[in-house]
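See below for the structure under consideration.
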Amino acid sequence: VASFFFIGLMSMMIPLCHVFGALIAVCLFMGLFDGCFICIMAPIAFELVGAQDVSQAIGFLLGLMSIPMTVGPPIAGLLRDHLGTYDVAFYLAGVPPLIGGAILCFIPWVHERQKSKDSTKRVDGETTEKMLENESVL
């Protein structure tokens, strides 16, 4: 989640770099956090879908990532043609990672809710079975 947030933040900071050294620093941090994101993509996919479907999940993630990487540069060029600057394109490129990081923050909460629902269903089912067993004994 932190990697995602920093990728979005660093992307939005590129237009603010008026010195080449600042651009180098922003690009270094962006590359570092992008590398961290790529490294943790497989464990996150494993955590979300399990061992059986992890390869399909990683392929799906990479396929979805290819869409903005293919469509993004022409859209940035169109924005440059209409606005005369790439600044808006960089600001807009930083928004999806920030939103994605915010969504990823809710995953532990969703897993906890699923676990509590599963445990509630299991307890209710065991209680019902015991009641039926007691009735059959009587």
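Residue positions begin at 1 at the first shown residue.
Including glycine, each Cβ sits where the backbone N, Cα and C put it.
What TrEMBL records for 20-46, 58-76, 88-110 is transmembrane segment. Sequence annotations record features per position, and here TrEMBL assigns region 'Disordered' to 118-138.
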Completion exercise
Beyond a gap of at least 6 residues from its ends, the CB atoms lying under 8 Å from the transmembrane segment (88-110) belong to 1-2, 4-5, 7-12, 14-15, 44, 48, 68, 72, 75-76, 79-80
Handout entry: Remote residues contacting the transmembrane segment (58-76) - C-beta distance under 8 A, at least 6 residues beyond either end
Key = 41-42, 45, 86, 89, 93, 96
